[in-house]
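Trainee: Among the features that TrEMBL reports, Mn(2+) binding site is placed at His107, His109, Glu114, His155. Residues annotated as oxalate binding site in TrEMBL: His109, Glu114. Positions annotated as disulfide bond by TrEMBL: Cys30-Cys45. Here TrEMBL flags 59-210 as domain 'Cupin type-1'. According to TrEMBL, the feature signal peptide maps to 1-20.
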Amino acid sequence: MASALFMVVLLAMASSVVLASDPSPLQDFCVTDKASPVLVNGLVCKNPKDVVAEDFFFQGLNKAGNTKNKQGSNVTPVNVMQIPGLNTLGISLARLDFAPYGLVPPHTHPRATEILTVIEGTLHVGFVTSNTQNRLIFKVLNAGDVFVFPVGLIHFQFNPDMHKDAVAISGLSSQNPGLNIIADQVFGSDPKIDRGLLAKAFQVDKGVIDYLQKQF
């Protein structure tokens, strides 16, 4: 049952994300030329005569990712870096695996809206609206449920079950959605953001900032 639902989700996402944030293609396809030294806003096309089926193919999304880490989660991306044929097509996928109590921490995708479907288990998901409301939009999802995270907004996914894993599939409206994990960027930047600045921003003691920066 789970495998059948998995396939339905993939087909639905492939056909539903029509309004992408990336520019529309001007030809049938523009398969990435990984050998090109040219830098453009996107990726350079290789000669269409050299394109093969493997350029549009990815294998292994049925396999669980390794969740043995601090967050208890794993994201398996399927974007233009994994499928060169996605270049200029404005779409990508990701598989999300959660150990019990696993979390994909608050983050943003600067270039994509995300549509997520739970395949197995239960997830607590939500996003926060922009200033000045900062309103939390929160939902409990079960297998077969779908939720949308608007482009650029901070959002998260959490498995509340202490005993069971959870799995989800996300479709994203960009070949390269980008990922900004809030805590990593604020406290783990290189070089470090001045602790006095962060202490003032978060209204905490500098010792708290010192501790947090040492964690990243």
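Cβ coordinates are placed from backbone N, Cα and C, and glycine is handled just like the others.
Automatic, uncurated: that is what TrEMBL annotation is.
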Trainee: From the Cα of His109 (Mn(2+) binding site) across to the Cα of Cys30 (disulfide bond), what is the distance in angstrom?
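Mentor: One finds 23 Å between the Cα atoms of these residues.
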Trainee: Tell me, if you would, which residue among His109, His155 (binding-site residues) has the fewest other CB atoms within 10 Å in the structure shown?
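Mentor: With the binding-site residues His109, His155, fewest surrounding Cβ atoms within 10 Å: His155.
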Trainee: Taking only the Cα atoms, work out how far His155 (Mn(2+) binding site) lies from Cys45 (disulfide bond), in Å, as a whole number.
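Mentor: Counting only the Cα atoms, the answer is 33 Å.
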Trainee: Quick check: with His107, His109, Glu114, His155 left out, which same-chain residues have Cβ atoms within 8 Å of the centroid of the Mn(2+) site Cβ atoms?
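Mentor: What remains near the Cβ centre is Thr108, Ala112, Phe127, Phe149, Leu153, Ile154, Pro177, Leu179.
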Trainee: Please average pLDDT over the domain 'Cupin type-1' (59-210) for the predicted structure.
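Mentor: Residues in the domain 'Cupin type-1' (59-210) carry a mean pLDDT of 97 in this prediction.
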Trainee: C-alpha of His107 (Mn(2+) binding site) to C-alpha of Cys45 (disulfide bond): distance in Å?
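Mentor: Their Cα atoms are separated by 31 Å.
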